[in-house]
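Trainee: Questions regarding the structure given below will be posed in turn.
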Ligand SMILES: *[C@@H]1O[C@H](CO)[C@@H](O)[C@H](O)[C@H]1NC(C)=O
Ligand SMILES: *[C@@H]1O[C@H](CO)[C@@H](O)[C@H](O)[C@H]1NC(C)=O
């Protein structure tokens, strides 16, 4: 426990950020989260949650840089700034505070405000006023006497801002102090906007204390407070620095970090700003793409099984065998690990572990390792897309004709190929990479750059470490066959060969099958079987299968189809933005966020790529529900386009 605990909280500032950001935790109290974490007996599960959070979401270097910038601003501020938690325990004072008040940080941090000596010059009767003001979450501002360490009283203009955390509770108080003799600064502070300004002449530190509440009413045991401090301190700093800085610091702190974050945050609300810290545009990553994510430490090869999937996650996967399965529910429920969870379930349904003679723990590590190498910063090509393609693949594999054609090794290859088929996708197209002269384009001679990379990297990740090597116990020849099939399928997702693959499928499979049916009715079982199961045709079926799974978005129920359309458009917009920034050729000029008609782009995509391919696939595999959705969705986009709308949805009536 101790080992896990220490390791996890080693980067607690990052966890805290992740925690506040993720919807699944929104509204929870970080204290209870910490306690839940601490109390969870399955420490491996916890560790893994955290690890995955970091891999999936937290871009450590990026955030540390942003935090450093903010800290620098705070440390340089000429105003004395003091931050306490909701129990009035001092968590931070800046250097200006130290020099004005004569204390060292170390003498104050961890102390309750009531323990710090106060000046007798303040009238005590405003205490309740101020307390009731700030406890309601309102800001208080006024003049008071503070007592320096040497006993002198100094008159200061002080502003106390309660900081509201997730769930609407007050989490901290930020006090900003200015000696009153500094006229400029007083003017600054007085002209700054504030909500509930009251003047008084009280020692702020006595007013902000709990007073008569007493320690018996504390919400947390001392143990819990220790935890909460450990966990909260970094985020306290970030949130409060932002607030304090925005309110009154002469230093343009927000400006300082926003270029790095690539966002313009106008709204000073804490959540938005923390959100801003977390928002990373496509292309911004801690790890240069093309490099392998360090594989999971060996102690993470967890003996967890399907049975350990949290019930609320399991619930979102109950109907995963249906085409109308809503993957976005899973995405929301599972802390951005849809691929791991759905993979576990689907692979188990198809008996993949048995086929590979691999323990489920290895499969789990493998899924995690693969998922960690998808970029969660891509708006489309992240592990949700991989999970979606895996889902479509598993659905197609259950169709009668497909089952007749494929053997189990083909099914296993298809499921694995779907899982890895876009791993480490940089959120840019092949043409972009070639134009930009990227390392990968150079490595792969501008040919099937991404697809080659996905296939190669998938095997590197898998075979580097026995803990996640799902192929380890396979017989050599069988492995070679499987590997060949996986590579072939991943490469088949390359769109330059789209028409070639579809045509081959139609000519070698659909036409001969149709001819047989016309001639001899259903009679000639043997000939049908011959067509379906010849090695060459099995390859064509698998290619067609993964291609259709890969671009099946327009055949999904309308709401899902719309969500995917929004994501792919955003990813393309981001590429166009970058092409313009870098003066590269704009590969897809219609995907300009200022001018693009999303309905038109969807209509063209369906017309050009989808209709014929799914006609052929439907003729083979019999997919009336998909064709119905495709029809509906097409009409939906047409409808928007006829109304000359460019957006994903019609405006509200
Ligand atoms: C994929 O990107 C979308 C944004 O388009 C995001 O909401 C989602 O959480 C991402 N999924 C994963 C698993 O990173
Ligand atoms: C790229 O082209 C060079 C020169 O033709 C060749 O030697 C090399 O094998 C090619 N690499 C790949 C990955 O195709």
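Cβ from N, Cα, C; glycine included.
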Trainee: Among 410, 422, 524, 631, which residue does TrEMBL annotate as binding AMP together with 381, 382, 383, 384, 385, 550, 602?
Mentor: 422
Trainee: Region 'Disordered' per TrEMBL sits at which of 176-225, 226-275, 276-325?
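Mentor: It is 176-225 that TrEMBL describes as region 'Disordered'.
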Trainee: What is the separation, in Å, between the Cα atoms of residue 385 (AMP binding site) and residue 421 (Zn(2+) 1 binding site)?
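Mentor: Residue 421 (Zn(2+) 1 binding site) has its Cα 10 Å from the Cα of residue 385 (AMP binding site).
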Trainee: Can you see whether DSSP assigns residue 383 (AMP binding site) to helix, strand or coil?
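Mentor: Looking at the DSSP assignment, residue 383 (AMP binding site) belongs to a helix.
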Trainee: Going by DSSP, is residue 422 (AMP binding site) sitting in a helix, a strand, or coil?
Mentor: coil
Trainee: Under 8 Å between C-beta atoms and at least six apart in sequence, can you list the same-chain neighbours of residue 422 (AMP binding site), or say none if there are none?
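Mentor: When sequence neighbours closer than 6 are ignored, residue 422 (AMP binding site) has 374, 381, 385, 386, 389, 450, 454, 493 within Cβ distance under 8 Å.
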Trainee: Using all protein chains in view, find how many other C-beta atoms are within 10 Å of the C-beta of residue 384 (AMP binding site).
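Mentor: Result for residue 384 (AMP binding site): 25 other Cβ atoms within 10 Å.
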Trainee: Taking 381, 382, 383, 384, 385, 422, 550, 602 as the record's AMP-binding set, what's the max Cα pairwise distance in Å, rounded to a whole number?
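Mentor: Binding-site diameter by Cα atoms for AMP: 22 Å.
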Trainee: Just to be sure I understand the contacts, which binding-site residues have a Cβ under 6 angstroms from any atom of ligand 1? Candidates are 382, 385, 550.
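Mentor: From 382, 385, 550, counting a Cβ under 6 Å from ligand 1 as near, the near ones are 382.
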